[in-house]
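Enquirer: A single structure is presented below for examination.
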Amino acid sequence: MTQANNAVYTDISAAQLVEEAIRRGEGELAANGSLVVRTGHRTGRSPVDRFIVEEPSTKDAIAWGNINRPFPADKFDALWARVEAFNNAQDHFVSHVHVGSAEAYYLPVKMTTATAWQNLFGRCLFIEPEQYNPAGKDEWQVLNVANFECVPERDGTNSDGCVILNFAQKKVLIAGMRYAGEMKKAMFSVQNFLLPERDVLPMHCAANIGEAGDVTLFFGLSGTGKTTLSADESRYLIGDDEHGWGEGVVFNVEGGCYAKCIDLSEKNEPVIWKAIKFGAVLENVVLDEERVPNYADDSLTQNSRAAYPLEHVEKRSEKNLGGEPNAVIFLTCDLTGVLPPVSILNNEQAAYHFLSGYTALVGSTEMGSGGGIKSTFSTCFGAPFFPRPAGVYAELLIKRIKAFGSKVYLVNTGWTGGGYGVGKRFNIPTTRGVIAAIQSGALIGAETEHLEIINLDVPKAVPGVETNLLNPRNTWADKAAYDEAAKGLAKQFIENFKKFEVSDAIKAAGPQL
């Protein structure tokens, strides 16, 4: 709307941001109307470059370590001033957005970026409110200057780029980072620290809502199927990645989606396909001579992405929120082929598997993990984004599940009939069949079979899913090899779980040898 003399573009429209990005050579238009950009040598998040300022409010509240690295307050002040002065000497872009769709829990954010495209990205992913900050809350500031190069010896950073959260000053500093996912996840981490103080569980999950108002949550790491499975043409999307669960409400922290694009097809993912149009941003997607995206081309990265506002999704929850969840689904991509396509969990098992967060890094979003696919345990299905000790989030989850009576399921979107390289991955229609059965209530009170070693209960029948797939041992040609693989996986679970101090009932809910 306004443009000052010193080329500060404040709250200009998405169309103007696209225009500015192209004028400045930041990207190009694809045939489908989206803005296509490249993020340079960083095509994923850089966990080693992320810090939290250590000060009285964070000192004893954060699980410090490799994920949450402390940063000195004085160094932060010096670096913020340096980056801000650098940015003030060039054209830049400012937008005012909200993070958190529920009125009680939103954060007002002044987002300043050096590039037009990253501002557009923020406008896609965060919430553009009808009225900015109606409750007059204290404002957060995000300063994202991609062309600033940090000097580790001077600035105290790990490399030429950094992401630093300062809770005392309500500031997020992002410097030297072209991969825009850093901005989205930084504000997610902020809410993940703040929401538990309000008795709200922050979650790395997708959420959708049925015609009858029933809500389903999909927890999972990148690449396990959150975005794909929640984008269901028969249901209304609340969001694909970040939510809060408070008394009586599940709300989106964001106002957009950040979908993986590798091998995207109109047939398997029609909702996402249609959402990629003018106003959307494609990161590291290769175009052909006609400017048509080639989603199968992974020459830049496996982690190619599309950012688009929820307005691009036809069937969506108008207010970005819904009631409490009837079904809570933990998505795991099991490389070993040991886990069943669906297991029904009790409360103790829910706590165990939430804390474990077992899955695979598939086309990982983290730098340097491009080549192989490997198994991992990521607490709360999103360890990089949860600053407090894991127990805080697990206790809140169990409290919410018990209070509302949500049913919890573990769904394997990974391998069956053998491990990675031997078996085959469950196809999307099979997993959609499992999800549909869960959402219809068909598995509530279903007859189950207990699987020893991995200590899970599987339904004996799931409408629309081949019965021989339900017990994974049946899908292996070599049953002895399955038993060995199950023992190997159980050992990994037990070893990983040693770090948690929890009740014996929760410990006993996991795999047993």
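Any Cβ shown, glycine's included, is placed from N, Cα and C.
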Enquirer: Of Arg45, Arg425, Arg432, which does Swiss-Prot put in the substrate site with Tyr179, Lys185, Arg305?
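Expert: Site partner of Tyr179, Lys185, Arg305 for substrate, according to Swiss-Prot: Arg45.
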Enquirer: Check the binding-site residues Arg45, Lys185, Lys226, Arg305 for other C-beta atoms within 10 angstroms of each C-beta and report the one with the most.
Expert: Lys226
Enquirer: May I ask for the distance between Arg305 (substrate binding site) and His204 (Mn(2+) binding site), taken between their Cα atoms and rounded to an integer number of Å?
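Expert: His204 (Mn(2+) binding site) has its Cα 18 Å from the Cα of Arg305 (substrate binding site).
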Enquirer: What whole-number Å value do you get for the CA-CA distance of Ser222 (ATP binding site) and Lys185 (substrate binding site)?
Expert: 12
Enquirer: Need this for a regression test: binding-site residues Arg45, Tyr179, Lys185, His204, filtered to those with Cα within 10 Å of Gly220 (ATP binding site). What's left?
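Expert: Those close enough are His204.
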Enquirer: Using C-alpha positions only, work out which of the binding-site residues His204, Lys226, Thr228 is nearest to Lys185 (substrate binding site).
Expert: His204
